[in-house]
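Per TrEMBL, these features apply:
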| type | residues | note |
| --- | --- | --- |
| COILED | 51-128 | coiled coil |
| TRANSMEM | 400-428 | transmembrane segment |
| TRANSMEM | 448-468 | transmembrane segment |
| TRANSMEM | 538-555 | transmembrane segment |
| TRANSMEM | 567-587 | transmembrane segment |
| TRANSMEM | 608-641 | transmembrane segment |
| TRANSMEM | 661-680 | transmembrane segment |
| TRANSMEM | 781-805 | transmembrane segment |
Amino acid sequence: MGSLFRSEEMTLCQLFLQSEAAYACVSELGELGLVQFRDLNPDVNAFQRKFVNEVRRCDEMERKLRYLEKEIKKDGIPMLDTGESPEAPQPREMIDLEATFEKLENELREVNQNAEALKRNFLELTELKHILRKTQVFFDEMADNQNEDEQAQLLGEDAGVRASQPGQNLKLGFVAGVISREKLPAFERMLWRACRGNVFLRQAMIESPLEDPSNGDQVYKSVFIIFFQGDQLKTRVKKICEGFRATLYPCPEAPADRREMAMGVMTRIEDLNTVLGQTQDHRHRVLVAAAKNLKNWFVKVRKIKAIYHTLNLFNLDVTQKCLIAECWVPVLDIETIQLALRRGTERSGSSVPPILNRMQTFENPPTYNRTNKFTKAFQALIDAYGVATYREMNPAPYTIITFPFLFAVMFGDLGHGAIMALFGLWMIRKEKGLAAQKTDNEIWNIFFGGRYIIFLMGVFSMYTGLIYNDIFSKSLNIFGSHWEVNYNKSTVLENKYLQLNPETSDYLGTPYPFGMDPIWQVAGANKIIFQNAYKMKISIIFGVIHMIFGVAMSYHNHTYFKNRLSLIFEFIPQLIFLLFLFFYMVLLMFIKWNRYAATNKRKLWRNCFLVILIHLFLSAAPYSASCAPSILITFIDMVLFNTPKPVPEGCEVYMFGGQHFFQVVFVLVALSCIPVMLLGKPLQIMKQRKHANVQPITGSDAEVGMSNGQPAAHGAGGHHDEEEMSEIFIHQGIHTIEYVLGSVSHTASYLRLWALSLAHAQLAEVLWNMVLSIGLKQEGWFGGIMLTIVFAFWAILTVGILVLMEGLSAFLHTLRLHWVEFQSKFYQGTGYAFQPFSFDAIIENGSAASSAENE
């Protein structure tokens, strides 16, 4: 349980493994995922390490598996994924895996090459079929033209006819082929210009697309026939066809020869179809068989590769029979790790047991926070700011409560919170099935990873929505309003600015039992004024309490690391400064709520516990609300030592007796804390150094705490023995200025709780009045249709704008309040994460990388 509030206690260990047992032991540690190995060969090239050949073999096997995966996905064959992780194979099994992958790859490549050759032949025959069919039309047209004048105009057809008649002196040649349809206009222009108009081109489109055998794309092509005279033009025409990648085919001149060739082409196409079908069936069977085991093969190969990559981090001893490793391990898991090493030794059949020795070191250990599926998302929010320094206080457990609560203060709406909570609950209930899908959609993965955060934010928003009595910008009248309208109808119609007076019988004298009275929903402009004052004050109250809690957390850091100087000269003055100025301002708010009311009757039972305590110490009678002073003006006068302005007759200048004296004392004490924070720690360090007459400081005042032989440096004051005094003074000055000015700016920063809450409520009200109310005002059957359409539009805007966009905005502002305003009081975040050797993490990262490559 201690690791929830602090990172796990880590220790550096030295591991001795027998060479024949090293593979099995590392395999067991990978399944365990609790050991982070260090590289003992940082200066050795990756290609010069002991197990580089095994790593290369694994790379080659992965390449073959990726090739198989690509072909399987191309055919749309589902890959079996049982969700189970097979154990890492033994080294001798690598030969069998390599042989299997080699056989599959060669067989598949051979099938693909044969299929591509067959498809190429099929394409050629198909194009030839279209040429014979289309050119037949051209020749038939010329055979029907018997008129000499028409033959003179159509030189190509005339030459074609004369070529078939004996006794004619003019002999025209022709070539026929197929070209891509998009190249045809440029092809025609080039023929005309290069041959100077001495050729005649006829073309016809092939209606259906043809498959490119090299890449499987569908290409639209056209058949063409070119008539020319002479060998010179023939050579020129063929070069142009070659340049445009046009395919030329032989085409007989005689109709009988063309018909005979067409019949032979059709027969060959039918035979090719049969062979292609058999080839595709064989390819499909090979891929289906491979798809059943592909996932397990990937896991096995990645485990083998990870083991050999880890073994390359080890050193060999003098005898070359023992491998030596250094690793960070959690102290609580040392026995579990030793049991895993013992299992690995037994599996390998070695008789020499492994040795795990703890080492003493002055290095900072890695930070390891043990999490589960619930706390993992909250820990990720903290680590996104910075990984905690070793053994410092972890903000994640407290963020589980404060994060969704502060979010809900800005997002307080019962309806919107219910939508968010139901979405989070759905992801939680279906998490096993959704996690098994392993989608590559980054946005969805973010939502799913934060499902517990979304659920809690929705639940807390429902609670604050009940407090605000706000559901889709409307109120719930559960207990009945505690206000009554005593004006008659004519009076209300004549004056729309009338307000209910709490001093009269308009107010029943008892507050609404829970949350806000629903009458504020129809209060008009007065509603904004009331909610502004209410939400502004609670924002400051929550903010100051949150910051005080952050300062209190630093106390546990200082005491754990035995940092007495920081405890005395940082924590105590920081806490006093915050309490005597800003917490006093919070107390003034509670005093004002207790001392000023519309009537002079006390109703302590309706006040909170803190207000009751204030009343017990302040026994003066309450004043009228018209006498209530401004807390902001009072605080400014207090800090500047200003004399309060005159108050109306019958009112008191101060809210309680001795207020001026206490305020002067509080300000003077708070101001005196600044030089203590600025100079106390550096002067004390200087004094200790001078007294010891040595540079390093030792003892309980040292800034470096030792825990099990591990240095636990924390905070900005770590390693003062290595710093010059000038650096210490400068650093302390920056820290002091940042805290003093930050206390003011951070307090004002919490006003974003009020601003976003008000903006969210106003957006919901605008959406209701300008969209949904249009459908609600319609009557009859047309009104029903109109309401359905308007409601759908309103629902889309509500989810898209008020839930998603406003929710994201509130989430980011809440994140800033935790990172800057809260964690800056105690959290350094200068550590580095514990990255254990874990098969689960390696396989997950490998799957993500493989998916990215395929995309």
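Note: Cβ is positioned from N, Cα and C throughout, glycine not excepted.
What you are looking at is a predicted structure, and each value in this text was computed from that prediction instead of being measured.
Counting Cβ pairs under 8 Å to the transmembrane segment (781-805), the stretch among 400-428, 538-555, 661-680 with the most such contacts is 400-428.
Averaged over the coiled coil (51-128), the predicted model has a pLDDT of 90. Beyond the transmembrane segment (661-680), the same-chain residues lying 6 or more positions past its ends with a Cβ under 8 Å from any Cβ of the stretch are 565, 568-570, 573-574, 576-577, 580-581, 584, 638-639, 641, 732-733, 735-736, 739-740. Sequence-distant contacts of the transmembrane segment (538-555) (same chain, at least 6 residues past either end, Cβ-Cβ under 8 Å): 393, 395, 398, 402, 406, 409, 566-567, 570-571, 574-575, 578-579, 582-583, 585-586, 589, 743, 746-747, 749-754, 817, 821-827.
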